[in-house]
Amino acid sequence: MSGPSNKRAAGDGGSGPPEKKLSREEKTTTTLIEPIRLGGISSTEEMDLKVLQFKNKKLAERLEQRQACEDELRERIEKLEKRQATDDATLLIVNRYWAQLDETVEALLRCHESQGELSSAPEAPGTQEGPTCDGTPLPEPGTSELRDPLPMQLRPPLSEPALAFVVALGASSSEEVELELQGRMEFSKAAVSRVVEASDRLQRRVEELCQRVYSRGDSEPLSEAARARTRELGRENRRLQDLATQLQEKHHRISLEYSELQDKVTSAETKVLEMETTVEDLQWDIEKLRKREQKLNKHLAEALEQLNSGYYVSGSSSGFQGGQITLSMQKFEMLNAELEENQELANSRMAELEKLQAELQGAVRTNERPKVALRSLPEEVVRETGEYRMLQAQFSLLYNESLQVKTQLDEARGLLLATKNSHLRHIEHMESDELGLQKKLRTEVIQLEDTLAQVRKEYEMLRIEFEQNLAANEQAGPINREMRHLISSLQNHNHQLKGDAQRYKRKLREVQAEIGKLWAQASGSTHSTPNLGHPEDSGLSAPAPGKEEGGPGPVSTPDSRKEMAPVPGTTTTTTSVKKEELVPSEEDVQGLTPGAQGPSSRGRESEARPKRELREREGPSLGPPPVASALSRADREKAKVEEAKRKESELLKGLRAELKKAQESQKEMKLLLDMYKSAPKEQRDKVQLMAAERKAKAEVDELRSRIRELEERDRRESKKIADEDALRRIRQAEEQIEHLQRKLGATKQEEEALLSEMDVTGQAFEDMQEQNGRLLQQLREKDDANFKLMSERIKANQIHKLLREEKDELGEQVLGLKSQVDAQLLTVQKLEEKERALQGSLGGVEKELTLRSQALELNKRKAVEAAQLAEDLKVQLEHVQTRLREIQPCLAESRAAREKESFNLKRAQEDISRLRRKLEKQRKVEVYADADEILQEEIKEYKARLTCPCCNTRKKDAVLTKCFHVFCFECVRGRYEARQRKCPKCNAAFGAHDFHRIYIS
């Protein structure tokens, strides 16, 4: 029945690679082929069927192995192809560059040959030199001598395909390729040598030319500069040639080293490749062993299945003639018996080891006892020795010196540590301050960044809304254009009216200047006529502060009449006060906006009424007859002077108050102007028109009030002035006043025309407003939205400015912190200098310490001398110990011989017991010749094995997981309950969870 298995085993050798066949055949000769059990067979058909099944199974295994081998071979083929491709590529590259090198060398040789032919024609035959040293020139590079050794397939031109070179390499053998490459190498060497010879020849020729030039220069009169230049060039040429030769030598040496390193690299690569091949071989062997292991595992699994199914025993003698058991069963029995024997042997060995361990522990204890006794010697014995006393004295001296040195060292270390700690504390304090400031700066910067991000978001939202509003406003573009055109026309008309008003203002200023001149002339006339001048001064100076302040002038006190002042001083003060009154009135008229001029004109009218009343009251008092007495006139002059001074001070106060009011009104006008700018354009135009109208009306009212005042003044002055010169001047003033009145009439007519035009334009504007009401409403809404957006944008810009200012402040703070850090760094440098000084002092202390250590070494030498005496005593002790050691080996040898004899005795006893068991088995086999009896005996043995060794009645159904010995569950539980918790065989302790029930089928 073992025929198919023999065929399979013989065929297994062909599945491996060819290089492994010999070793595989050698290995297969040593393997044992087990017989194949087919079981009970009733007919030949059943036998053929089982044989075919077995063959199919083996073929399937072989097929799997073959597929695995094919996969591995494919991988190796791919690797080899890749390697071959890389090798071909490198060969092609080497061939191409080698061919290029040969071509360049040939070109250089041609150039040198052509130059040599041209130069050799004029030269003498004696000066020519051959290319070689022996006079036999090498053939030309184009001749056949250099090209014959090289075949054309190894030196293809660049135009030929690279495949020809690879095909030629594949067609030729290794010896041919080596010969061809050697010839090509010789050609390259010869060409390079010729190039070198040509370069040497050129160099020699250059040297000859230089010598000729030098000799010719010596014979012919040349300039010293040319000679020096030629010598310098010659030296430079020689230096460059030497440098070139040195560089060539260096390059040659480096190239040789590089080639050596390349050879080493290639050798290392070859070693790596060899190692890879060995690794692949080992992997192949491992794979083969793995496959063999798989086969054995399959066989073992089949055997276990057959054992579990009870297929391995046949109860009748029909299957096997003579009732014999199978070979595997016999092996199994033998293995079990050997296992039992080995277990017993291991137990005996374990007992021996435990015994030896106990003996070793006893020996260690006995060895430790004298050591402990030596360690625990009484102190009195040690103190009584002379060596101890001598060492104690030396130790006391050395100890005192070491204490002194130690105190000094501790002091130095303490000082150093104190300085270091103070330095570190200062640095930590500085670092903590710096960290705190950095944290504050970071938090402030983060807050500013957050606010900036919020402002940017708001700005983006406003911009988006503004763009939306612009897009909405573009729809009403044509209507807005028409309205703007109409408004621009009205604005142009208003600008014309404003220009006329400005022109009238200038005329009014000129009139006021002329009136001031007249007042000055009138005051001059009062100086010439003293009896009439005082009433004029009082009449001129009194209304000025009344006009500015809007109330009656202050009444002079009785004490003021006693003081005297010159008359010209009073006139000058009155004229200066009037000029100051005129200047702020003009500035107020120019500075006020159109919206604020209406109330100011009303205030002026209200101020003009009390002025008139004051003048009417003062008129009788200031116009006394010229026949008054001189005393009363002098008192009156004093009172006038004092009153003029007081009025000047009050006038200054009033001017300051008016300046404050003007500033406040200017702020209000700025606010109104901002509101006016942010208001819609139609409202702005309407406000401009109304403001211009109010302004014109206010100017007209002011001019009328001034004309009335001037008329009243003229009337009072006509009563006061009696002199002819004054009358003449008054007439001139009246003529000017009439002229101004005529101008005023013309301005009134122009004003009425302007007012009528304003009414017409206002009516047209109202009509247009009624027509475009709805559109204006929409525009107002859009303008309101734009106004809101603009206000929000202004707020955002203000916030942005504030944030920028805060950022600048933070930058200044950062600069301050940097300056603080620099100052702290300076302090750190100072501390480091102090530390260096302390380190220098520490170095001095260390020097002292070295001196002390030298003294300590002297004392140590003394101690060594004392130790030598002790060693002499030790030598005597060692003599005694050597005798003891000589005796101890004899004792150890005798003990070892005795132990060896006991060990051999035990081994002999074990061998005797093992041989006895074999003898008993052999006797059993001889006694029970019949197979049935053998089977019955084996069954009894198996039953005895399956019974519990403790009670010998129940079957084994419990296992101890500590040692895996099997007993019956009742015995194990009884021992556990009786607290005998150790294995009956090996005395291994077990617990409640260490025994389990098993079921043997």
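Using the three backbone atoms N, Cα and C, a Cβ is placed for every residue, glycine included.
Per Swiss-Prot, coiled coil is recorded for 44-91 (among others), and the stated evidence type is sequence analysis.
Positions annotated as coiled coil by Swiss-Prot, on the basis of sequence analysis: 189-369 (among others).
Residues annotated as coiled coil in Swiss-Prot, with sequence analysis given as evidence: 437-518 (among others). For the coiled coil (437-518), the predicted model reports an average pLDDT of 84.
Marked as coiled coil by Swiss-Prot on the basis of sequence analysis: 627-946 (among others).
Summarising the annotation, Swiss-Prot assigns compositional bias 'Polar residues' to 522-531.
Marked as SUMO2 cross-link by Swiss-Prot on the basis of similarity to another entry: Lys578 (among others).
Annotation comment: Swiss-Prot describes Lys579 (among others) as SUMO2 cross-link, evidence class similarity to another entry.
Per Swiss-Prot, the feature N6-acetyllysine maps to Lys20 (among others).
For Ser42 (among others), the entry in Swiss-Prot reads phosphoserine, with the evidence type similarity to another entry. Listed in sequence order, the same-chain residues six or more apart from Ser42 (phosphoserine) with CB atoms under 8 A from its CB number zero; the list is none.
Residues or ranges marked as N6-acetyllysine by Swiss-Prot: Lys355 (among others). Within the same chain, no residue at least 6 positions away from Lys355 (N6-acetyllysine) has a Cβ under 8 Å from its Cβ.
Here Swiss-Prot flags Lys517 (among others) as N6-acetyllysine. There are 12 other CB atoms within 10 A of the CB of Lys517 (N6-acetyllysine), with all protein chains counted.
The annotation phosphoserine is assigned in Swiss-Prot to Ser528 (among others) on the grounds of similarity to another entry.
Sequence annotations record features per position, and here Swiss-Prot assigns phosphoserine to Ser585 (among others) based on similarity to another entry.
The region 'Disordered' annotation in Swiss-Prot covers 1-39 (among others).
Positions annotated as region 'Disordered' by Swiss-Prot: 116-153 (among others).
Annotation source Swiss-Prot lists region 'Disordered' at 519-646 (among others).
Proximity of the coiled coil (189-369) to the coiled coil (437-518) is not established, fewer than 3 Cβ-Cβ distances being under 8 Å for residue pairs spaced 6 or more apart. In the three-state DSSP classification, Lys517 (N6-acetyllysine) falls within a helix. Nonlocal intrachain contacts for the zinc finger (948-987), taken as residues 6+ away from its ends with a CB within less than 8 angstroms of a stretch CB, comprise 347, 994-1000. Across the range of the zinc finger (948-987), the DSSP-based residue counts are 9 helix, 7 strand, 24 coil. In the three-state DSSP scheme, Ser42 (phosphoserine) is classed as coil.
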